[in-house]
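Chemist: Structure below; questions to follow.
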2 protein chains.
Amino acid sequence: MTNSDAVEWPQGFVAHAGHAGLRQSGDDVSVIASERPAVGAAVFTQSHFAGPSVLLSRRHAADQRLRAIVTVASNANVATGPEGERNAAELVGLVAKLLGVPDQEVLVSSTGVIGRQLPMAPLRTHLGGQPAFEAAPLAVASAMMTTDTHPKISVREVGGARIVGVAKGVGMIEPNMATMLAYLVTDAEVGPIELDNALRGAVDRTFNCLSVDTDTSTSDTVAILANGAAGPVDPDEFAAAVHAVCLELTEQLARDGEGATKLLRVVVGGAASPVQAKRVAKSILNSPLVKTAVHGADPNWGRVVMAVGKNTEHAEDQAITPEGVTVRFGEMQVYPGGTGEAELAQLVEIMRRDEVEIGVTLGLGEASATVFGCDLSEGYIRINADYTT
Amino acid sequence: MTNSDAVEWPQGFVAHAGHAGLRQSGDDVSVIASERPAVGAAVFTQSHFAGPSVLLSRRHAADQRLRAIVTVASNANVATGPEGERNAAELVGLVAKLLGVPDQEVLVSSTGVIGRQLPMAPLRTHLGGQPAFEAAPLAVASAMMTTDTHPKISVREVGGARIVGVAKGVGMIEPNMATMLAYLVTDAEVGPIELDNALRGAVDRTFNCLSVDTDTSTSDTVAILANGAAGPVDPDEFAAAVHAVCLELTEQLARDGEGATKLLRVVVGGAASPVQAKRVAKSILNSPLVKTAVHGADPNWGRVVMAVGKNTEHAEDQAITPEGVTVRFGEMQVYPGGTGEAELAQLVEIMRRDEVEIGVTLGLGEASATVFGCDLSEGYIRINADYTT
């Protein structure tokens, strides 16, 4: 587990976090930059309504030469048309000028309300001044937050190098090839292809296995920068460390899902394919009836078999039968067999934990998947019924 | 709009509603029966965990000769194994004996908690006695309820005949080829094929366009019985009347969704195919962020474009572009163009109505679909976090 306060950037990385005035109080703009040339890799939302920030960043990430990432919090700059495109480009230009790097080496992310133009005047004033680059990862992670209740940070050592990751996101989270905002930076010396493979391999088993509310953001971005300051590292150890950082950030995101009181992990095994395992796991993870049962610490396994049973759209799911399925809460099997009064008390204890794991086997094959989410509480409703346009 | 209290069964139909003791108070068992031979048609859940009641009823409905439907409320008899199958068969036998009809002409439905055996002793005592057949549709609709807050009834005249429909269901509702429990009975003289076509045609545009919480019940059943007592009717008028009854019941189900405070109707037009129109409409209808915005009377159209944009799995959705899409709340367009302060006040008024309609056009073709659901409130969480196994 990462101790957020103590985390420092890897060698050759600096950052700025400041208050440009997009929200009433608190930092709302941040920049992470490498002092030396770096390679990068990034994945973005697949939403048809991806905003100008994502579209521009996707172009800049194409050649994998990246030096900096600027993030604006509280405005998504999505569904903003040509003016939104001009604003994203100007934002990138301001940061590139500040750092003395080409525009093409700067990524831009914006997160918050959809359908509003970025307030460029305060951003020009703030970034046009002499913003200090003295922010620690904690300050950047905090400046990225919207309805997050706390900053998300993860760090791993690999050889003589370090990987530091920061992330934000609590709602509108069912990533599709990417998640909300997550950035990793490392001083390891890594080639662009190796870096891209490590990121995509990790994202697929971490951020892409995360769902808070089945809603896919228009701004999802995960990026990694490697500046080589610490020299080469073992590629497998590096990939494993990238995965560990992505996994810790994913669990932090799930645990802080809007209104969440606990982390929900669903493990599906015995599936005919990894795709089926993930599909069935997601259908359990996203079932409002399972999520509310977890919230109420109710070992209602009937809702889990319901969520397994409703997968009827895909051909390979036709092989699912009640006889082939097993269900467990934590370490206790509940189906088949059901639960007597004795087990019930023990089960309620398991359901009361701040991490609940539901395990299902389908008896069809060897494939498995683990997905991450949270319970569904009144808090989610309050936050989203009141979070106004 | 149907005045439930005044509704009587069509000619030749009688019903029983009584308290067998499955729940502490209130009727929990009901039987609808035709005094004369009748033809029937039915559609059932596609869930892999369909219970013994559904499996047995599916066999009995196959030859379309049906006389009676028995419903037990508060126990779903699902995931109950061989004992559950024996209990469903015995229940059918008790009702068949009571009515002096073959077992094969009786449908059985059970709804409630999953994973518990039916308490057969009280059911034997109750149905083995001389239960009176003097229940009106309102009494039967009430005896079917679980967490429903009120009974659901609809009636239409067609020629000299009548169609009466009763339904229940407030949660675990995203029907897949069927919905929760809905029964229609008519004294019209209709052939089995015509009856089946009328039912399936109506179900597809009504119950199958309903979603409260994306969760598909293991017990979904929709059935219609026609005993011909009123003689023949015009087939098209009959189909239209069946559709009208199904539609009214669907809107009653949506409006009474667990925790619901209003009916949400989503209309998607300009789609490339009816399947795409329904898929995009469902993604809006089921978005927790759209549902909570509707609950908060917040005209947050950014969440609607998000929900449109997240449809990335199917090939034909790749053609969806921000430029091609329009969004309206009620009669007011909000995208493109956005909303000034003047419109905002008017929009909030629209969002405060007890029926909210969201209209989206995709600009891809001529196909359209209308789907029915409700807002997402703290009430849904309270009901489902506490509804215990």
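Here, residue 1 is simply the first one shown, and the rest follow in order.
Placement of Cβ uses the backbone N, Cα and C atoms for every residue, glycine included.
Straight out of TrEMBL:
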BINDING   B:THR146, B:LYS168, B:THR179, B:GLU258, B:ASN384, B:THR389  substrate binding site
ACT_SITE  B:THR179  active site, nucleophile
Chemist: Using other CB atoms within 10 angstroms as the count, which residue among the binding-site residues B:THR146, B:LYS168, B:GLU258, B:ASN384 scores least?
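Modeler: Each of the binding-site residues B:THR146, B:LYS168, B:GLU258, B:ASN384 was scored; lowest Cβ tally within 10 Å is B:THR146.
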Chemist: In terms of Cβ proximity below 8 Å, which binding-site residues out of B:THR146, B:LYS168, B:GLU258 neighbour chain A?
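Modeler: Among the binding-site residues B:THR146, B:LYS168, B:GLU258, not one has a Cβ sitting under 8 Å from a Cβ of chain A.
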Chemist: Under DSSP, is B:LYS168 (substrate binding site) part of a helix or a strand, or is it coil?
Modeler: strand
